[in-house]
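Remarks on the structure that follows.
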Amino acid sequence: MSSKRASQYHQVEIPPPQPFLKSLKNTLNEILFADDPFRRIRNESKTSKKIELGLRHVFPILEWARGYSLEYLKSDVISGITIASLAIPQGISYAQLANLPPILGLYSSLVPPLVYAIMGSSRDLAVGTVAVASLLTAAMLGKEVNAVVNPKLYLHLAFTATFFAGLMQTCLGLLRLGFVVEILSHAAIVGFMGGAATVVCLQQLKGLLGLHHFTHSTDIVTVLRSIFSQSHMWRWESGVLGCCFLIFLLTTKYISKKRPKLFWISAMSPLVSVIFGTIFLYFLHDQFHGIQFIGELKKGINPPSITHLVFTPPYVMLALKVGIITGVIALAEGIAVGRSFAMYKNYNIDGNKEMIAFGMMNILGSFSSCYLTTGPFSRSAVNYNAGCKTALSNVVMAVAVAVTLLFLTPLFFYTPLVVLSSIIIAAMLGLVDYEAAIHLWKLDKFDFFVCLSAYLGVVFGTIEIGLILSVGISVMRLVLFVGRPKIYVMGNIQNSEIYRNIEHYPQAITRSSLLILHIDGPIYFANSTYLRDRIGRWIDEEEDKLRTSGDISLQYIVLDMSAVGNIDTSGISMLEELNKILGRRELKLVIANPGAEVMKKLSKSTFIESIGKERIYLTVAEAVAACDFMLHTAKPDSPVPEFNNV
């Protein structure tokens, strides 16, 4: 390398200047339209074709309906009926969990699936209510309004919270701000969902033990205290019946997991439990007074509820808070589920379009007596395994639910509440993903800490504390990643021009007169002081080592900036300050491999003038060769004679 001639060094070019508005437009396009959603429309010359493509983009049903076949219809009908058999008992159960009338669970499986079938981009997502959002609704609304004492206000606030959730989801999608939801890391979601599932299971002990009075708190200590303080109120009939159905449900889940072709056994088991539980109690309710049942469910499809929305103080802020928090959680779950099944079938879904679809189905749902819905994993997994081809399976499910609402609701009168509790517990146990937690422990201890913190926050605190911990630790992790970028010493891989981390490649060769440091991240206000201090420490350690070994003293500090995607004014000030500090120590700063954005910023400052263009190189290899040239043929201050432009 040292024999490389000066004329072979390449000068790092400064990117041509761009008008501010054009630069701003490009930046916004990268942030908001990274997937270039209007590419097909932009490349079309005919106005009518552009309108058609635009409508197909907004309403995906127009896209998949064009090639729809009888074979697809057969698959979607089977899938729709299958998920309806799961949606009906789950809907009733989750409405109970949210402290809402059971009929709302059926209402929420009618309108939202129809809206999603028109606007949703996932072929496999099955829309409905979910346990975590139901529990959040109950926990947050229940703090201010008692569902038993003031059921009408509680119901109206649930509709209003659903409206605000839908409005927030729609706005995020329209403004292309989907990345906001991604602030929750995978580890945080695993911990939060696991904690919420644990809390839901604990809450269901009320139904399993036949208790009439129960705590509104969700932390494990208060719940267990409430359970054992009422041990004299436990109903053995309820407990035995609940355990029998729970064992049945878990057995069918185990069979379906071991033999995926028998997925329908697990899918049908909740409905089978409801049917057998209802028949059992219908004939034996006189003998088993301790078993509570649903009672009357009103016949008919969804009544309008737009006039019931509450937009007046003091409750509007409560509904807004509940709507935003539950909406974000539901959105994160729905998009994650949709993407996972899209990956299995090798197609893509548009996250921003999904947000708009979720938002519209919740807005319209709030107008038609529905509470918050999203794409639950259990229902979507059944839909996927049943062989669905398009979102029409949601329409079939909605039709089946409508038939139930119009003609079959009286049949649920004697459905035992303990059966609904068993259905919820069986569904929630699958959300405690211990395998994912073990994987996090093996892969990344910090991610495991994030997961554990979120879990413990929910279980021993409240849902809100768990959510705050999940977001807070995720943000802290993000700040640590960017605010404390890695800096490591690089060495030369023998007989090559490749330079790598010497800790990763111990055989890499270092030079006594050169210290090559790689900065692994952007340089900006949050990390500039840290980088300056850390670089200073590396230099001190290197000089101490050279002093001890008696080698040639340190002459050049080469900063490899290949991973520095951007730099701000604080970062530039740090480089200028570092150059002055090194100058006082008779050391020379050399920059290698700066990116276009970095060079553009540096060219507008005084840094290049102060350091000199002759100390900025295209690659680390050329920077090292130039330093060798100056060390062996000239004084350290001497510039490299010539550069070739690239």
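Residue 1 is the first one shown; counting continues down the chain.
Every residue, even glycine, has its Cβ placed from backbone N, Cα and C.
Annotation source Swiss-Prot lists domain 'STAS' at 504-627.
If you look up Swiss-Prot, you'll see 1-76 (among others) marked as topological domain 'Cytoplasmic', on the strength of sequence analysis.
Per Swiss-Prot, the feature topological domain 'Cytoplasmic' maps to 121-124 (among others). Through the fold, the topological domain 'Cytoplasmic' (121-124) approaches residues 60, 64, 338, 341-342, 345, 347, 349-350, 353-354, 357, 375, 380, 383-384, 388-391 of its own chain, all at least 6 residues removed from its boundaries and within a Cβ separation under 8 Å.
Helix, strand and coil counts under DSSP for the topological domain 'Extracellular' (146-154) come to 4 helix, 0 strand, 5 coil. Summarising the annotation, Swiss-Prot assigns topological domain 'Extracellular' to 146-154 (among others).
Per DSSP, the secondary structure of the topological domain 'Extracellular' (198-235) breaks down as 23 helix, 0 strand, 15 coil. The topological domain 'Extracellular' annotation in Swiss-Prot covers 198-235 (among others).
Mapped onto DSSP helix, strand and coil, the topological domain 'Cytoplasmic' (257-262) counts 5 helix, 0 strand, 1 coil. Under the heading topological domain 'Cytoplasmic', Swiss-Prot lists 257-262 (among others).
What Swiss-Prot lists as topological domain 'Extracellular' is 284-315 (among others), and the listing cites sequence analysis. Sequence-distant contacts of the topological domain 'Extracellular' (284-315), counting only residues of its own chain at least 6 positions beyond either end whose CB sits under 8 Å from a CB of the stretch, comprise 92, 102-103, 106-107, 110-111, 144-145, 153, 155-157, 159-160, 163, 207, 210, 212, 235-238, 241, 366-370, 402, 405-407, 409-410, 412-418, 420.
Feature annotation from Swiss-Prot assigns topological domain 'Cytoplasmic' to 337-354 (among others); the stated evidence is sequence analysis. Away from its own ends, the topological domain 'Cytoplasmic' (337-354) comes close to residues 35, 37, 57, 60, 119-125, 172-174, 176, 178, 375-377, 380-381, 384 of its chain (Cβ-Cβ under 8 Å, at least six residues beyond either end).
Per DSSP, the secondary structure of the topological domain 'Extracellular' (376-390) breaks down as 9 helix, 0 strand, 6 coil. Summarising the annotation, Swiss-Prot assigns topological domain 'Extracellular' to 376-390 (among others).
Counting residue by residue with DSSP, the topological domain 'Extracellular' (433-447) contains 13 helix, 0 strand, 2 coil. According to Swiss-Prot, the feature topological domain 'Extracellular' maps to 433-447 (among others).
Feature annotation from Swiss-Prot assigns topological domain 'Cytoplasmic' to 469-646 (among others); the stated evidence is sequence analysis.
Residues annotated as transmembrane segment in Swiss-Prot, with sequence analysis given as evidence: 77-97 (among others).
The transmembrane segment annotation in Swiss-Prot covers 100-120 (among others).
Annotated transmembrane segment per Swiss-Prot: 125-145 (among others), in sequence order, evidence recorded as sequence analysis.
Taken from Swiss-Prot, the feature transmembrane segment covers 155-175 (among others).
Taken from Swiss-Prot, the feature transmembrane segment covers 177-197 (among others).
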Stretch contact, the transmembrane segment (391-411) with the transmembrane segment (77-97), Cβ-Cβ under 8 Å, 3+ pairs: yes
Contact ranking winner - 77-97, 100-120, 316-336, 412-432, 448-468 against the transmembrane segment (155-175), Cβ under 8 Å: 316-336
Within the predicted model, mean pLDDT of the topological domain 'Cytoplasmic' (121-124): 90
Stretch in 100-120, 125-145, 448-468 most in contact with the transmembrane segment (355-375), if contact is a CB pair under 8 A: 100-120
Distant-in-sequence neighbours of the transmembrane segment (316-336), which means Cβ under 8 A and at least six residues beyond its ends: 125, 130, 132-133, 136-137, 140-141, 144-145, 157, 160-169, 172, 178, 181, 184, 189, 192-193, 310, 349, 351, 354-355, 358, 362, 372-377, 464, 467
Counts by DSSP class (helix H/G/I, strand E/B, coil) across the topological domain 'Cytoplasmic' (121-124): 0 helix, 0 strand, 4 coil
